[in-house]
Amino acid sequence: MTIMRKSHPLMKMVNHAFIDLPAPSNISSWWNFGSLLGVCLMIQIMTGLFLSMHYTSDTLTAFSSVTHICRDVNYGWLIRYMHANGASLFFICLYFHIGRGIYYGSYLYKETWNIGIILLFLVMATAFMGYVLPWGQMSFWGATVITNLLSAIPYIGSDLVEWIWGGFSVDKATLNRFFAFHFILPFIIAAMAMVHLLFLHETGSNNPLGIPSDSDKIPFHPYYSFKDLLGVLILFAFFFTIVLFFPDALGDPDNYSPANPLNTPPHIKPEWYFLFAYAILRSIPNKLGGVIALALSILVLALFPLLHTSNQRSMTFRPISQVMFWILVSDLLILTWIGGQPVEPPFIIIGQAASILYFSIILLLLPIAGLIENKLLKW
């Protein structure tokens, strides 16, 4: 008789995805971030659900309701800080996951990669709308500045902004709809993650050598299920250290002041995980140009499969590409730092140089490095 997990229609799907899935025998800890992202999403959905039971999406009471959660709800402070820092953790894992994909050439699984880019946009939209909900100073002004960027779109721009606002400024209608979207989007993200996995399991996982691994596969369970579990435990240790000891380290002090449309904060900036894109936006002294650069800073990821010139998939044995990759990582860290600085010399020129370098490495230097390496290896 066949075992139930192999015959039952529902369990069969779980079995094929998480138990009997043939996986390469040599995938490293960089492959743990996919499962960690799943854990992050579950943390966010669960903490978000409990927060929504006590939160009110009204401009008069939103800020007070968040204070009430922290002061009066049993373990409300813990749920709130888990949710706020869970977003940061989500993006840390997300950026590591994308970096792994770039380094090891995983982007050559085009469908999986493109669904991943859509997922990135959805997560960014969700995080942005979530940041508006506490209705602090940075919530209000961040929402005003970022939504206002759409007014740079020719002809329909200003109408589009008013349509998103639901009025003539960021107000009650905006807060209400942002709450609705912020609640529904994580479930759409979960569904898209399933599609992401579906496409991945069509091809099987890549591996650090970037070579076909069909000749040497091992079952996902128990090998990688326990490896993922260890990753989750390390993640939790890191997560709860931040939540319990440094809960406000990644937040903005301005968001502890209630939103005031009559008082502009000296430096309007988004959360740390958007600062690199914000720096690219600010480095162009033209509104429409900045918005285009902002969109391209993420959309440029879609070009990776087209710009792959090397005859090897992974960067494991490609030293020139490795140097380019780590310069790109350093450049992103510099952009993140610049995004949090005021718009004044020398930060302006550093931001512009870092933005040019960002696009140059991806569009020009990495493909050239691939061609040089082919030549050196006489391929």
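Any Cβ shown, glycine's included, is placed from N, Cα and C.
Copied from Swiss-Prot, the annotated features are:
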BINDING   His83, His182  heme b b562 binding site
BINDING   His97, His196  heme b b566 binding site
BINDING   His201  ubiquinone binding site
TRANSMEM  33-53  transmembrane segment
TRANSMEM  77-98  transmembrane segment
TRANSMEM  113-133  transmembrane segment
TRANSMEM  178-198  transmembrane segment
TRANSMEM  226-246  transmembrane segment
TRANSMEM  288-308  transmembrane segment
TRANSMEM  320-340  transmembrane segment
TRANSMEM  347-367  transmembrane segment
Pairwise Cα distance for His201 (ubiquinone binding site)/His83 (heme b b562 binding site) [Å, integer]: 30
Most Cβ pairs under 8 Å with the transmembrane segment (113-133), selected from 33-53, 77-98, 178-198, 288-308, 347-367: 178-198
Tertiary neighbours of His182 (heme b b562 binding site) (same chain, Cβ under 8 Å, six or more apart): Gly48, Thr126, Met129, Gly130, Leu133
Leading contact stretch, 33-53, 178-198, 226-246, 288-308 vs the transmembrane segment (347-367) - CB distance under 8 Å: 288-308
Top partner of the transmembrane segment (226-246) among 33-53, 178-198, 288-308 - counted as Cβ pairs under 8 Å: 33-53
His83 (heme b b562 binding site) and His196 (heme b b566 binding site), Cα-Cα, nearest whole angstrom: 24
Alpha-carbon spacing, His83 (heme b b562 binding site) to His97 (heme b b566 binding site), which is rounded to whole Å: 21
Which of His83, His97, His196, His201, the listed binding-site residues, has fewest other Cβ atoms within 10 Å: His201
